[in-house]
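What TrEMBL lists as Mg(2+) 3 binding site is A:D37, A:D82, A:D233. What TrEMBL lists as Mg(2+) 4 binding site is A:D37, A:S51, A:D82. Under the heading Mg(2+) 1 binding site, TrEMBL lists A:T52, A:D53, A:D130. Positions annotated as Mg(2+) 2 binding site by TrEMBL: A:D53, A:D82. TrEMBL lists A:H60, A:E286, A:W338 with the feature substrate binding site. Among the features that TrEMBL reports, ATP binding site is placed at A:Y112, A:G129, A:D130, A:R156, A:S235. Annotation source TrEMBL lists Mg(2+) 5 binding site at A:D236. Per TrEMBL, domain 'PurM-like N-terminal' is recorded for A:35-148. The domain 'PurM-like C-terminal' annotation in TrEMBL covers A:161-317.
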Protein chains: 2
Amino acid sequence: MEERTEVTTLGEFGLIDYLTRNIEIQQASTIVGVGDDGAVIDHFGKQTVISTDLLVEGIHFDLAYVPLKHLGYKSVVVNLSDIYAMNAIPTQITMSLAFSNRFPVEALNEFYEGVYAACETYGVDLVGGDTSASLKGLLISVTAIGEVAPGQFVKRSTAQKGDILCVTGDLGAAFLGLTMLEREKKIYLESPGVQPDLENRTYILGRQLKPEARKDIIEFLADQGITPTSMMDVSDGLSSEILHICKQSNLGVVLYEEKIPIHQETKEVAMNFGLDPTAAALSGGEDYELLFTLKQDDYDKITLNENISPIGYMTENSEGAHILTKGGNKYKLVAQGWNAFEQ
Amino acid sequence: MEERTEVTTLGEFGLIDYLTRNIEIQQASTIVGVGDDGAVIDHFGKQTVISTDLLVEGIHFDLAYVPLKHLGYKSVVVNLSDIYAMNAIPTQITMSLAFSNRFPVEALNEFYEGVYAACETYGVDLVGGDTSASLKGLLISVTAIGEVAPGQFVKRSTAQKGDILCVTGDLGAAFLGLTMLEREKKIYLESPGVQPDLENRTYILGRQLKPEARKDIIEFLADQGITPTSMMDVSDGLSSEILHICKQSNLGVVLYEEKIPIHQETKEVAMNFGLDPTAAALSGGEDYELLFTLKQDDYDKITLNENISPIGYMTENSEGAHILTKGGNKYKLVAQGWNAFEQ
């Protein structure tokens, strides 16, 4: 039988002590960590970047198919992705959890194993947080702190006309991983005896369950001496994010469908589900790739990196935001893909 | 009829734009605020202090008697209190909300009015956050950032034997305010026609519904050149907090019951409820006063400030933590008041 220790046996302070018992500080900037009213961070003359995200059970995740350890890992990664998207290096996080009494200490421990694994992978320190009861389900609130040399942060609003639009990695996989997990959950609920058939789709499932943030790209750009003119991370689907950059930079865009990077497995699974892989990339979400614009002069330097794809270019605002399809059509880009009725 | 605008009519980004439309940046350190992947903060060589709190409907607050505007104000203040308790000055906050569809835009707007009022009172900037649906009720997650001159932060673990233990303001009032509100709710539920009888208890109700953080004390201590040897804020009741300082500083304490500051209205209402005012101060919670220890040499300077009460002194750890009652008895101090069975 699995162990089940009720949280009430530890109390709030006992629980925090238990979950944070193995913390090892990795960042020299962490002066005071968990265990006081606040943490103290010394950024040694750098600027501090801060970002925060909520993840709510039943809205953002479904514990029917998300292992708690993966959820802990992902909760951290999605926040670090925001810090990288500012061209900064994450250094600390705080993690707050509200949970109902259906979660025993063992479940929380599993969640924190994932949290600590992500902290180790990305070299960040967990420096604080809060725990509380919830009336229903699990709710996770993470705040990430990062640092950047003064003035080196990159916003969404500073793209220039003629800049090249680039995206990292590939898109649409996390959405198809989710689609597959949802299908298996549905089958399981209808016929509990049936084993899930995930068809060894390890790539797309991994992209959904254990995403990574693009630390490597931020390091590559720094090594190459490239500062993107604008940047953000891709969490809500490529279309929506491109439109954010357009709106905030007061520009238009031309996006080439054929340039959008999509993994072979994503294409295959999309076909099996009768979905258009491009639609999955444009509207799927949860990719946690970086979307950025570059001066044309920097183009040669990025061709060295196979994880960066140029996908379009920025235009005058008056030219609007469009996608050029493989079939040679030009459609207006909208937040949920494209609008075939308005060219 | 009251207006009711469904959140879905605005969408997530529209809602964020709407709720943050009047933000005015107050802190020179706020380089990038709301509207990007992260905020950017320049602490100009100071150290950054960070603290975070969750407030969950049904656990931490009851919307039956807490106006949303007060709740917004309080959500900010309780976090700022943690920053002051590190001897730091709060500069920025992030505010994340998860809410069910029973909350229209007007309700969120009212909540944010309180948030902005607190930001203005304390001179902090709202620089980010997240909004999400929830399966049930309202959940609030606030992270506060502050700054402190290098090495000037004050922890819980650094009290010394012989130090004077002090507390600010008065204690127990917020708990009695809550007790009164709970009573009126119960009467209302039993007899909906009966108007609440709050007996003009404005002091204790204000302490529960609209607490303030002790910015004034941190400024006073700085003006007097006093650095407490340890400090924390009083959120869970005086006993529990004193025991945190004892445990983390590896010391004992003697606390004088007669020195514990309690407001006249708190005493009166406690009597009416048949409660011991000292018990309310020791175990009530939500006072958001500061508890700190001072070197004996600094004692004369604090007598100038009527908002600071010396209430005891720190002893060797082996002497334990005790309260000397008005009746001349010595009891062991426990997290929920004192233990009359163990001297």
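Even glycines carry a Cβ here, placed using N, Cα and C.
On the structure: features taken from TrEMBL.
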| residue | record | Cβ contacts under 8 Å, 6 or more apart |
| --- | --- | --- |
| A:S51 | Mg(2+) 4 binding site | A:N79, A:D82, A:I83, A:M86, A:T143, A:A144, A:G146 |
| A:H60 | substrate binding site | A:L54 |
| A:G129 | ATP binding site | A:I16, A:V34, A:T94, A:M95, A:S96, A:L97 |
| A:R156 | ATP binding site | A:S230, A:M231, A:M232, A:H244, A:I245, A:Q248, A:S249 |
| A:D233 | Mg(2+) 3 binding site | A:S81, A:D82, A:Y84, A:A85, A:A213, A:R214, A:E241, A:Y288, A:E289, A:L290, A:L291 |
| A:S235 | ATP binding site | A:V78, A:S81, A:E241, A:G285, A:E286, A:D287, A:Y288 |
| A:D236 | Mg(2+) 5 binding site | A:G285 |
| A:W338 | substrate binding site | A:S239, A:L282, A:I323, A:Y331, A:K332 |
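Chain B lies within reach of A:D53, A:H60, A:D233, taking the binding-site residues A:D53, A:H60, A:D233, A:W338 and requiring a CB-CB distance under 8 A. Sequence-distant neighbours of A:T52 (Mg(2+) 1 binding site): residues of the same chain at least 6 apart with a C-beta under 8 Å from its C-beta are A:N79, A:S141, A:V142, A:T143, A:A144. Across the domain 'PurM-like N-terminal' (A:35-148), DSSP helix (H, G, I), strand (E, B) and coil residues number 35 helix, 45 strand, 34 coil. Note on A:D130 (Mg(2+) 1 binding site): other Cβ atoms within 10 Å of its Cβ, all shown chains, come to 21. Listed in sequence order, A:S75, A:V78, A:N79, A:D82, A:S141, A:V142 are the same-chain residues six or more apart from A:D53 (Mg(2+) 1 binding site) with CB atoms under 8 A from its CB. The Cβ neighbour count for A:D37 (Mg(2+) 3 binding site), using a 10 Å radius and every protein chain shown, is 27. According to DSSP, A:D233 (Mg(2+) 3 binding site) sits within a strand segment. In this structure, A:E286 (substrate binding site) belongs to neither helix nor strand by DSSP; it is coil. Maximum C-alpha to C-alpha distance over the listed substrate-binding residues A:H60, A:E286, A:W338 is 24 Å. Remark: of the binding-site residues A:D82, A:E286, the most isolated position is A:E286 (fewest other Cβ atoms within 10 Å of its Cβ).
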